[in-house]
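What Swiss-Prot records for H159 is active site, proton donor/acceptor. Annotated active site, proton donor per Swiss-Prot: K163, in sequence order. The NAD(+) binding site annotation in Swiss-Prot covers G12, A13, G14, G15, R16, M17, E38, G102, T103, T104, A126, A127, N128, F129, and the record cites similarity to another entry as its basis. Summarising the annotation, Swiss-Prot assigns NADP(+) binding site to R39. For H160, G169, T170, the entry in Swiss-Prot reads (S)-2,3,4,5-tetrahydrodipicolinate binding site.
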Amino acid sequence: MHDAQIRVAIAGAGGRMGRQLIQAALQMEGVALGAALEREGSSLVGSDAGELAGAGKAGVAVQSSLAAVKDDFDVLIDFTRPEGTLNHLAFCREHGKGMVIGTTGFDDAGKQAIRDAAQDIAIVFAANFSVGVNVLLKLLEKAAKVMGDYTDIEIIEAHHRHKVDAPSGTALAMGEAIAGALNKD
């Protein structure tokens, strides 16, 4: 039996997704929470990541610098904001760390930076990690091909008041799936 664990760092530890990811990492077999990060100046820096996530003491203090924890993780999971993610991307590329990127709202240059880094490090980059949403994207693609140019397609979305990006990455991915199926930009 192989006991190797993937050591993960969670960027945006104090956010909604960050807290859920910390809980998951602490409960998941084969995964160890190696580090938790928040932006410089955050009042959460120094707090215990497990306690922050409501999972009890984990013995991992929230840090503000990837350099401070570079030997504590193999993969960085990042659901922050484009500017932060791109800074993390440069660090991970330089140090050979994998990334899971759930951040949305990148401009074309940001998306290209991720594609370029993927030549050197392992990266999973998705606007939405839900199986249901990814099935929906495939169905939209098929529907758009069947309906072709004979119809107008509109995407309308609503969110909770804490949503940081609008339109959401999921809505943009839906638009891209439809546009791709119709060979439009």
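Cβ atoms are placed via backbone N, Cα and C, with glycine included.
Put simply, of the recorded positions H159, G169, T170, the one whose Cα is nearest the Cα of G12 (NAD(+) binding site) is G169. Using a 10 Å Cβ-Cβ cutoff, N128 (NAD(+) binding site) registers 18 neighbours. Of all residue pairs in the NAD(+)-binding list (G12, A13, G14, G15, R16, M17, E38, G102, T103, T104, A126, A127, N128, F129), the one with the greatest Cα separation is 22 Å apart.
A 10 Å radius around the C-alpha of G169 ((S)-2,3,4,5-tetrahydrodipicolinate binding site) takes in these binding-site residues out of G14, R39, T103, A126, N128, in sequence order: T103, A126, N128. Using N128 (NAD(+) binding site) as the reference Cα, a 10 A cut-off selects T170 from the recorded positions R39, H159, T170. For the binding-site residues G14, R16, R39, T103, A126, a Cα-Cα cutoff of 10 angstroms around T170 ((S)-2,3,4,5-tetrahydrodipicolinate binding site) retains A126. All protein chains included, R39 (NADP(+) binding site) registers 14 other Cβ atoms within 10 Å of its own Cβ.
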